[in-house]
Amino acid sequence: MEVPTLSKTRKPPDLNEESLDLGIMIALFEIGSIPPVSCSSLPSLKSSDHEATEQRIAKKFESLLKEIKDIVKHVTSYEQKVTETKEPFKETNMFEVSELREKIIELDEINKELVKKLLASLDLGKKENAKKQEMRLDNQNSEDTVQDCSGDLVNCSKGQKALPETQLSKEKAKHGFPHIQEENIRLRNNMERLLQEAEHWSVEHTELSKLIKSYQKSQNDIKTLKNNGTHSPTQTNNESAKQELEEQVKRLKEDTYSLHLIATLLENECQILEQRVELLDELHHQKEEPLQGEPMQINHEQSDKEQKLPEAEKVKIHEKNMPEVEGTFHKRDQFFTSLDICHNKKAHNNQFNTRIAKRALVVKRPASSLS
């Protein structure tokens, strides 16, 4: 008989099958103990054929008992191997789960710090917007005063007909202020858009924190079940839990990287806004200086006196006023050149932001291909 080969190829027995095998073995032991009693109970006046058959039966029972003993040895060795393999598997799973939990806690702390930084930068942006609105109102008031003064000068002085360059510069200044207002409106829209993005990221951060809390609850439930004496989870459940944890860690890493990108974008926008505010301050001071230094308000009595003066004296007066007017135009030209520099800086920042966005897409594509 080839019983040992069958014992090697068959599947490992379950608990119910082991209990049945033990019952079968006990029954076989009892059956094996019967033949000598039956042989002793038989009368001595039997034939030799009958004794030969009994000897064959006894040999068969002995061989069966040996095979059963071998099977019992194999079963006990298999049980020992199973217990030895279960213990290191449990230890490795617990170690990996603890490492993943520590990583999740560290990433949660990093996300909290980034959210705090974003909120602080948004508060600074709101304050700067309020300052910009105040500066805009001051600029509008100064524009009104400049327009009134220019109207008085046009009505009172006749020498401005010989100065077409001054009129062209004034028209340039008038056309320049609406352009600044449009840029301010566009910057305000950008800040509102960034605020909406920050709110979206805060919502995603709350969802991630909820997922982490649910995972912690599940871990606590598993611990309670283990303490109550329930069966440990199988290998498939451990693998699924491990995959879920790895996916959560990947999501947290992607979220932290996107938060870093948003932080850099906000810093660039804040720098641009600071430069805008500085330029508006310079414009405001440049507007106040000619208003304070030059006698912009001319009375009707002075105009009457100028009309009475001869043309030679009028030309001398206009020649005296020419350097002051040229100084104001020079200051305005400097302001417009500073605006061009600011535009160039903004274009450089936009190129930098596009490079950052492209790198983020390149990083996300291999991650999606791997998943």
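Note that the numbers count up from 1, one per residue, in the order the chain is shown.
Just so you know, glycine gets a Cβ as well, placed from its N, Cα and C.
According to Swiss-Prot, the feature coiled coil maps to 96-148 (among others).
Here the Cβ of Ser98 (phosphoserine) has 11 other Cβ atoms within 10 Å, regardless of which shown protein chain they belong to. Look at Ser98 (phosphoserine): DSSP puts it in a helix. Residues or ranges marked as phosphoserine by Swiss-Prot on the basis of similarity to another entry: Ser98 (among others).
The feature region 'Helix-loop-helix motif' is assigned by Swiss-Prot to 110-120. Secondary structure of the region 'Helix-loop-helix motif' (110-120) per DSSP (helix as H, G, I; strand as E, B; remaining residues coil): 11 helix, 0 strand, 0 coil.
Under the heading region 'Basic motif', Swiss-Prot lists 121-188.
Sequence annotations record features per position, and here Swiss-Prot assigns coiled coil to 177-289 (among others) based on sequence analysis.
What Swiss-Prot records for Ser202 (among others) is phosphoserine. A 10 Å cutoff on Cβ-Cβ distances gives Ser202 (phosphoserine) a total of 12 other Cβ atoms nearby, all chains included. Mapped onto three states, the DSSP output places Ser202 (phosphoserine) in helix.
Annotated compositional bias 'Polar residues' per Swiss-Prot: 223-240, in sequence order.
If you look up Swiss-Prot, you'll see 223-246 marked as region 'Disordered'.
Restricting the average to the region 'Leucine-zipper' (245-266) gives a pLDDT of 80. The region 'Leucine-zipper' annotation in Swiss-Prot covers 245-266.
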Rounded distance in angstrom between the Cα atoms of Ser202 (phosphoserine) and Ser98 (phosphoserine): 27
